[in-house]
Structure formats: structure tokens, C-alpha cells
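As recorded in TrEMBL, the features of this protein are as follows:
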DOMAIN    A:7-418  domain 'TRAP C4-dicarboxylate transport system permease DctM subunit'
TRANSMEM  A:54-74  transmembrane segment
TRANSMEM  A:86-105  transmembrane segment
TRANSMEM  A:135-158  transmembrane segment
TRANSMEM  A:170-192  transmembrane segment
TRANSMEM  A:218-236  transmembrane segment
TRANSMEM  A:242-258  transmembrane segment
TRANSMEM  A:270-294  transmembrane segment
TRANSMEM  A:306-328  transmembrane segment
TRANSMEM  A:335-354  transmembrane segment
TRANSMEM  A:360-382  transmembrane segment
TRANSMEM  A:394-417  transmembrane segment
Amino acid sequence: MSVLLLFGTLLVCLLIGVPIAISLGVSALTAIYFGTTLPLGTIVQKAFTSLDSFPLLAIPFFMLAGILMGKGGVSKRLLHLATSMVGWMTGGLSMVTIVACMFFAAISGSGPATVAAIGGFMIPAMIAKNYKPGFAASVPAAAGSIGVIIPPSIPFVIYGVTANVSVGDMFIAGIIPGMLIAVLLMVTAYVISVKNNYRPEDGSKTTGKEVFRALNDAKWALFIPVIILGGIYGGIFSPTEAAVVSVVYALIIGAFIYKELTWKTVYDSFIQTIIINSTTMIIICLSVSFAHFMTLVQLPDQISSYLTGLTTNPIFILLVINLLLLLVGMFIDTISAVVILTPVLLPIVTEFGVDPVHFGVILVANLAIGFVTPPVGVNLFVASTVGKVKFEKIVVGVLPLLVVMIFALFIITYVPALSMWLTEMYR
Amino acid sequence: MAKIFANVEKGILVSTLVLMVVLIFGQVVGRYIFQSAPSWTEEIARYLHIFQVWIGASYAVKLREHIRVDAFISLFQGIGRKILESISVILWFSLVLFLAIFGTALVMDTISYGQRSPAMQIPMWLPMVAVPIGSLGMAVRLVFQLIEIWKGNYEKPKSEGIVT
Amino acid sequence: RPDSAGGDSEDGGGESYKISIAHLVSEDQSSHIAAESFKEKVEEESDGQITVEIHPNGELYPSDREAIEAVQQGNVEMTIPAVASISSFNKDFMVFDLPFLFENYEQAYQVLDGEIGQGLLDDLTEQNIKGLVFAENGFRHLSNNEGPVESLEDIQGLKMRTLESPVHTATFNALGMNASPFAFGELYTALQQGTYDAMEAPVSLFYTNKFFEVQDYLTLTGHVYAPTALLMNNEFYESLSPDLQELVVEASEEYRKEQRELARKQDSEFLEELKAEGMEVNEPSDELMESFRDEVEPVYEEFKEEIGADLLEDVQNASE
Ligand code: NA
Ligand code: NA
């Protein structure tokens, strides 16, 4: 009853144009008030505590860095370099975006931060080259979600702890599946680009000299990935701190080397970051209340007992679990979902002989897809705001990429070796 | 008057983000150059962020930047659209009013129980007050939005919109 | 909205109640296992008047501070936090953050289960919390990635992650480390990548949270004894009939006994596991412990006023 109330209210709210964050809050409040005797105070407590988290700060910092790079001439030079290298290829820009996102997401471990940083300049660049806005915005949104599968990844740490498996094993297990998704996304982007004829006007290859000039022009800008990658992997700072360091670096080269930043543009960048970040954070914040309510009414347990009664065929049970996870990923943020679902689903699948490490990859891959599934798809929101593309357009544009990601998910599910091969070698 | 208020608000918002950058950058510098970092940088950055999010959410109402799906209601025009938009705003208003009232109650309780923050040992109600303040701000702005709806304005304000 | 939690129960045995317990640890850790026994006893001996639901792994509240606040607000009935996080709610509890306060379990039990401990628990009613009993996470030890700690120099300059407790941070800075608090959620990665070299925690945490994968050396410093406490919303407790209150208190005392036994057993089991996983474990020499104690002396001075000189003196006298 209360569950029907929860999803019914959510659907109605979304339909009549209530903002997504508010729809989550209204439906949780309605379900708690009319469906249970639970105290209402929890919602307001969560409204505060769900934001009281340090790693969450990586998101606004990377957003700010991305926007400052855009306005300070950093992105322009990186983009120019990328275009001179692969711009002559059909769909070259979309593939550059995917590779950039893969690296960036891998190190930052945050999907939304990646979309903000890379999407902030790649989406307008693609649109300028006549890519359809919906497609242009959905490329970084989809590629940004790979970051939680390629290490380091906070969801893997949480899974490792909850499922009692080695976090190191999880990190290794994520490498091949993450790259598989990236490769499949690139293939799809290429096919779409060929179909829509996304190619530069002259179509001629650039000369080595032009590439070299672009490289020289971008040398200061190229330090940014070096600082972030080197800083995190070299143990100099945490991902959140790396984000701040890149903000400071982008400010310095934008203002003093490229001389393109003014007080006015810096001020505007800050305001813009705050608006995008606030509207995203409010969604994360209220979706925590939503997830909390589901845990309180023990919905996951009910689902699991229903599942086990359904079948004894391992292939079928994995299919059903994947569908369930995709459904959950539509509404709930990744970390809450891992905490809530691991204890419920892990015993079921281990019964069928699935390795907990393999299952962790399946779980996190599912939830990564959740970053780009409406209605609650944080990457889609960020892409929508940083790229100035309507949310509905992205939802349409992301569909082919989503289909491919789900296809990749099924490969990952039914070919355990993809997750286990490296892990077993390393063991 | 409203313009001054909005500028003050923007000023506060920008200062929080500047401070967050300075604090966390200072933490990194402190750890490497001075071999020690203060214990409260992360905590104060977190609390500033919470304020920024809730006040920013209120500011975003004014700019109509909150993310929503308007494909369905865009099908309606005239009075039908006005009614649907109004229901949407009233639901929104109810939630933020709830958050403002229960948020104030939480703040009052926290004052009387005397909870303090772990690192800085400041009263915990200080960061918590962000939720009722932001919610109240949203509530006030939604009243104005309701008026705009009945004037037939459903779109983002052009002049105030954030420019890339 | 529906009638409250149970309303009158059908068999006419008076009101019925539901207790939800939210805690952070996993299902195989001592606190959860003992909580299961608590549930069993309370449900059985209340003849079904009370039902207990346990939410482990932080699935309801991902931090102790949040869970205590939820208990205080009546959003959940019970929690089992580490005592260090209670000090945000009541400063007196900060006394347990002081380094080398207790030398062994017996000293700790004497203080916690005696007059002082009871006084501290009773004080929590002012925060709308019924403090039932103290249990434990055991002694906290120091780990790092540089080498076995055999002298003070071995730890000097190491980047040390501490809890968000000013006393803890001051302690490790006093030992010459480069100590700062850091988010628990990012800690594993930070240690793996070398953003931090060292951390400290009870044995069970090293094991259940897989820190042995990213920390090579464990030194059994036992610098802090970390109690936990079984807490209940005070209004909820007061709403129970005297019989049921008595039952809850009795079950809590059984919880304390079972949890502590289990925790100590698990501590030695987990320590063996940590060794088997390749962690190099060493016991600091008496001289080293003595120099640790000397170095942290200023920390006692620094926080004496804040904690209350009288309380500190009482604790020190009682544990002698
Ligand atoms: Na990652
Ligand atoms: Na989603």
C-alpha cells in the first residue's frame, strides 16, 4: 500500500512538472504520512545529513574547474588539440569525449563531476559541429558513468565492505568491464555519427605541423590531467582535493598565462557552478529520503523473497536481478542502493554459485547505468545544465547509448571471466 | 530593493564557494608545506556547502533552474496549463513549508540539547539552520512564481538566466 | 494517517511497541550478534508486546552521529554508537578520547560499569536519550605503511588519519605525526594511494573494513579503549510500563555481557586473521609505551578544562 503510494505520487508529480527533487520529497512525505506511522522528522534530518559528506564536495569543485577551464581558454586549447588529432574522423569529437570521460571519471570516481568537467566544453563543441544536442549531451553523460566501474571507485569500497570481499579484488575486477563499456560506447557513437554524417566540412587530415602547433599551444592546459592523475595516483591528494587543486590551477593559467579570465567571468563561473550544483545536490539529498523510506518498509526484503520463490534457474535469476537493479537505478542514487541491496541480493546469487566479486561488478555496473536512466539520472541533469540542452532531449538522445550499456551489462553478467580473469591472476 | 537583495544573496553564495576552495587548498598546502593541517577545514567546508546548496536552491527557484520534466504539461495551453502549473507549485510549496517547519523544530531541539560539531565544537544548530532558511526562501519565491504563472510566464527569465 | 505503531494489541495485553535498532557494523560483528540476542529476549519475555527490528551496516543512518541524532529526535528507537561520537552531544564523554586512559579491560569496566559510567549515562536523559549500558569496540591500535613501529622516530612525520575528534588529532600531533581527520568513506582509497600513511582503529575495524589490504604494519599501541553504548529514545523508554522497562534494562545488561565476551574473542580471532592476511603485527616495548605516555602529557593539560578536571580526576582515581 505505502509502496504504491510512494511510486504513484512520484509519477503524478513528475508528470505535472514538479521538479524531480521535489517530486522525490513529496512522494516520500506522502507515503510516510498516509501509509505508515513512522515519524516525519526523518525527512528533514536526512535533508541535512545526506549533504554532510566530504567526498560529495568533489562534484562542485570539478564543476567549477570545468567551467573555469571553459572560460579561461584551457578547454579551447585542449579541444583544438583533440580536433587536430582526430577531428577529421567521422564522429571524432564524440570519441574524444568518451576517452576523456573514461580517464577523468576513472580518477575522480564521480560520474556527475566528470560530466560537469568534460561535458562543460565538449557538449557545446559538438553542438557547434552540428551534432544533435540530445546526442552531444548524452555522450559525456553515458561515458561519465563508467567512472564507478574503473578504479578507484567509492561504490566498490562500500560493496567490498558490505559483502565482505576484498576491495582490491573489486578494483581489479572492474577494469575490463569498464573498458568494455567504453569501447562499446565508442562503437555506437561512431555508428551514430556515420548515420548522421557528423564530419568536418573539408574532411581533410591535419598535418603533423598543425598537430604540433596545437600541442605547443595547449602545453599548460595539458598539465591539468597530469596534476589530477599524478596527484591522485601519486598519493599527493584525495580526489576531492585534486578537484580543488585543478580549480586553482585553472584560475592561474586562465588569468595569468592565457589572460582570458576577468573578474566578471570568474564571478559568473562561480554563480553558474552554484546553480548547477544546488539543483543537482537537492536531488541527491531528497533521493536519500526516498531510499531511506524503502529500507524502513523493508521493500528490498520483500522483493528478495519474491525473487527466490520465482525460479531456480541461475541464468533466469540473474536476468530478473538485473532487471530489478535497473529499475532501482532509475530512482535511487548508487551508494544508497549498494548499501541497501547488497545484503539482500548477495545471499541469493551465491546460492547459485555466483562469485561475490563478479556480483559486485554486476551490481555496480547496473547502478552506473542508473546514472543515465530517467527520472533520477544525475548525469543527465548535469549534462542538461552544463550543456544547455533540454532534459527531455537528452533522454531521447541517450537511448541508443543506454541500450548498448545494457547490452554490455548482460555480457558482463553472463561472461564472469571478464570480471574474474584479472582478479584470479592477481590473487 | 529586490535587486539589492538578489545581489547580496549572490554575494553570499559566491563567498561560500570561494571559502571552500581556499580552505581545501589550504589543507593540501598545510599538509605538505607546513607538515600539519588544521582539523576543522573539512568540517567548515562541508557546512559551507550545505548552506550554499540550500540557499542556492532558493535562488534557483527565481531563475527557474530546478530540473523538471515539462514534456507533458507543455501539451496544455491557457487555463489548463495555468491550473497544472499551479498544482505543481502548490505541491512544491507544501514540501518546502514542511521542511521549513520541521527544520525549525529540529534546530530548536538541537539548541536545547546542545549538540556540538565534532571538529570545531560549534553548536550544531548553526549548520542545520541552512535547511529551514533555504526552504523558507524557496517558499517565498514560489509565491511570486505562482503570480508569474497566472500572468502566463512559464519559461526561464531571459535576462537573469545564467550565461555560459 | 494510520493508527500508531500497534495501538492496542488484539490479545488485550496492553500497548504494543516496535523498537528499531540502527547500527553501523556488519552482521557478523559482535555488536550485531549480541543485538540479536537482545531482540530474542525482549520479544520472547514481553510476550510479543515488543517487536524488535535490527538495521545493520548503517543502512538507515550511515554515521553514528546521525543515528544518535535520530534516536534523540525519536526517528528511530535505538542505536549502538561508538562513545567517541556521543561527545558531540555531551562533552563529558570526551574523557574517553584521552590517550592511555585505561591500561587494561578491567580498569575500563570498573569505570564504565561503576558509579562514574552510570552517572554519565544518566546525564544523557537531558539530551532525551536513555543510556542503557556500555559495551565495546575494544582497544584502538596504530597501523601504517612505512614499517614496524619500534621507536618514536618511526612514526614521526607520517601522514596520520584521525577521527574527527580534537583530542585524537592533538594526541597524534603530540607524538610528532602529521595528523588530520579525514572522511571515512574515502579512507581506503586514500591509504591505498598514499595520501595518508597511517590510521588507527580497533582490531575488528581493520578486519571487517578490509584496511589490512592497504596497511602493512599494525602496532598494538592500545592507545584508546573505545567503548560503545546502547542508547534508546528517552520518551520511548518512559512510555514503557515499569515491567517492560525492567525487561529492557535486564536485556541490556545481558547484551553488555555477551557483547564484551564476543568482542574480546573476535579481537583475538581477527588479529590472527590480520596476520594471516599478511599484516605484520608488533607489540611496542615498555620503554616505547612509556615515551608515548610522556609525549601525550600536554594533551591532558590542553583538554582538562573542557572535559572537566573533576571528572578526569574521578576517572583516573577509579581506574587505578
Ligand atoms: Na573510478
Ligand atoms: Na537513474
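Numbers run from 1 along the shown chain.
A Cβ is built for glycine as well, from the same backbone N, Cα and C atoms used for every other residue.
What TrEMBL says about a protein is an automatic prediction, not a curated fact.
Counting Cβ pairs closer than 8 Å and at least 6 residues apart in sequence, the transmembrane segment (A:218-236) and the transmembrane segment (A:54-74) reach three or more and so form a contact. Same-chain residues lying 6+ beyond the ends of the transmembrane segment (A:306-328) with a Cβ under 8 Å from its Cβ atoms: 337, 341, 345, 348-349, 352-354, 362-363, 366-367, 369-370, 373, 406, 409-410, 413-414. In this chain, the transmembrane segment (A:170-192) lies out of contact with the transmembrane segment (A:335-354); the count of Cβ pairs under 8 Å, excluding pairs fewer than 6 apart in sequence, is fewer than 3. Recorded stretches compared: A:135-158, A:242-258, A:360-382, A:394-417; the one with the most Cβ pairs under 8 Å to the transmembrane segment (A:86-105) is A:135-158. Scored on C-beta pairs under 8 angstroms, the neighbour of the transmembrane segment (A:270-294) with the top count among A:54-74, A:170-192, A:360-382 is A:54-74. Sequence-remote contacts of a segment are chain residues at least 6 beyond its ends whose Cβ falls under 8 Å from one of its Cβ atoms, and for the transmembrane segment (A:394-417) they are 132-139, 141-142, 145, 177, 180-181, 184-185, 187-189, 192, 315, 318-319, 322, 326, 354-355, 358, 361-362, 365-366, 368-369, 372-374, 380, 383-384. A contact links the transmembrane segment (A:242-258) to the transmembrane segment (A:54-74), because at least 3 Cβ pairs that are 6 or more residues apart lie under 8 A.
Mean model confidence of the domain 'TRAP C4-dicarboxylate transport system permease DctM subunit' (A:7-418) amounts to 85 (pLDDT, 0 to 100 scale).
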